[in-house]
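According to TrEMBL:
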type	residues	note
TRANSMEM	12-32	transmembrane segment
TRANSMEM	44-65	transmembrane segment
TRANSMEM	85-106	transmembrane segment
DOMAIN	133-434	domain 'NADH:quinone oxidoreductase/Mrp antiporter transmembrane'
TRANSMEM	168-192	transmembrane segment
TRANSMEM	212-232	transmembrane segment
TRANSMEM	252-271	transmembrane segment
TRANSMEM	283-303	transmembrane segment
TRANSMEM	337-358	transmembrane segment
TRANSMEM	384-407	transmembrane segment
TRANSMEM	419-439	transmembrane segment
TRANSMEM	460-479	transmembrane segment
Amino acid sequence: MNNLLILKNIGILPELFLCFSILFLLIFGSIISTKSPFYLVQSAIQKISLLILLLTIVLLINNYHYCVKDFIFFNNTLISDYLSFFSKIVISVFSFLCLTANIIYINHQKLNNFEYFIIKLLAILGFLILCSSNDLITTYLAIELQSLSFYVMASIKKSSSFSVDAGLKYFILGSFSSAILLLGSSFIYGSTGTINFEDLKSLFYFQNFTELNMLNLGLIFFIISLFFKLSIAPVHLWSPDVYENSPTSSTIFFAVVSKLSILIILFRFYIYGLKFFTGIDWYYLFVFFSVLSIFLGSVTAITQKKLKSLLAYSSISHLGYIFLSFCSGSFESIQSMFMYLFIYMLGGCIVWSIFLVLQNKKNYNYKHNKDLTDLKSLIKSNSLLTFIFSITLLSITGFPPLIGFFIKINIFLSALELSSIFPVFLISLISVISAFYYIRIIKILYFEKGICGNLYKPMLFSQSFIIILMFFLIIYLFIDPTILYLITYKLSLLCYI
């Protein structure tokens, strides 16, 4: 009786519930698709998927008592702590918002594959498992689960050669990075004799190694593969093409939700062991990658005329700021990292939700609002949406006195405490460049003349509610960021200890 999953491993009940729900949806969709039109099947799957994700969030919140003290499941392969609890809640909530914002776009683009939402649930399942991963094998399997889902999501629009090209490119390069991840994991196991993160932490701390060169090579392969998944420079070249050519309903997942789980596992691997390992000076290596990401992301974004490509390069730049606070390792820098992550995901969700609205035009054309110049007529159609778009861009830019400005200041101060004066000075100059292309979007929105008339269809209640809710959250955090400070303080305290 001790081996019953539901009794012994109740801490992973949300993941089990989501897994069995996905199996139910596959069977349900396969049966009714033979008797009903595809659009009716898709509508039913959409509503059930949202309900399943909502129940998963409730089950995750119910698991709060498991994060008070670290719990280990399945022979040390999964861990339940405050880090995994917080990240799972954030991922599930933002996934729910993205799925809700996607519905109108999917119907408008006639993506009548009922498996589309099921694939997204599979990706979310991979996110949740990855946040709780406590060894190298579970990490690899969780990354592959979400990666395989992403390959299908990128190429789901079979009528578009661009979508198929994005999926094929993503699959080939992603498979190569997965092979590097597996090779690096095998080198780590061969040199240490363990794949568990807790055991690796002890080995890194006491420096008990027999094959140091093999371990260094394995760590480099492992880190580079995760950098590819995050699209950190210089392994970022796939990201703009995939963002641009994939359906926007898939791109919003790539841009908003997919980064957090990879960052959590990289953070767990670095803070819980890698920073104790003196074989390689990881701090300066990570600072180099962060500065390179900020520089290439900001400079390349200036030349972009497509909105999706610009947002793709800006996400590379934002990940550079996250890495700058990530590699510092101090308590304040860890807190700043989590705050920046939350504001970045919140602002990104607003921007991409608005972009989904922009693609729903009265006058159908084949560009689908990919050019920046297509934003000219937005203020004539919806001035409130234009205002929300502008304030959100200013917030994620770090324009004073919005919340993003104070978080960036904290990141710079944390880096200065470690005497990283030149990188901070260089990044401060580059941040002016990144502010330029965001202000250019606002200039197009307000000051460039466009075609007269209401070119965009009115938003539905669900779209308006999601965008306004997230916007008010950004404004509230600017007025009173206490709740965000308290949550990230507790999270940073537990991680730092």
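Any Cβ shown, glycine's included, is placed from N, Cα and C.
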Problem set entry | Leading stretch by Cβ pairs under 8 Å, where the reference is the transmembrane segment (337-358) and the options are 12-32, 44-65, 85-106, 283-303, 419-439 | 85-106
Exercise. Near the transmembrane segment (460-479), which same-chain residues lie under 8 Å Cβ to Cβ, leaving out any that are not at least 6 residues past its ends?
Worked result: 97, 100-101, 103-104, 343, 346-347, 349-350, 353-354, 356-357, 385, 388, 391-392, 395, 401-403
Seminar exercise, completed: Sequence-distant contacts of the transmembrane segment (44-65), meaning Cβ under 8 Å and at least 6 residues beyond its ends, amount to 11, 13-14, 17-18, 21, 25, 28-29, 32, 80, 85, 88-89, 92-93, 95-96, 99-100, 103, 106, 114, 117-118, 120-121, 124
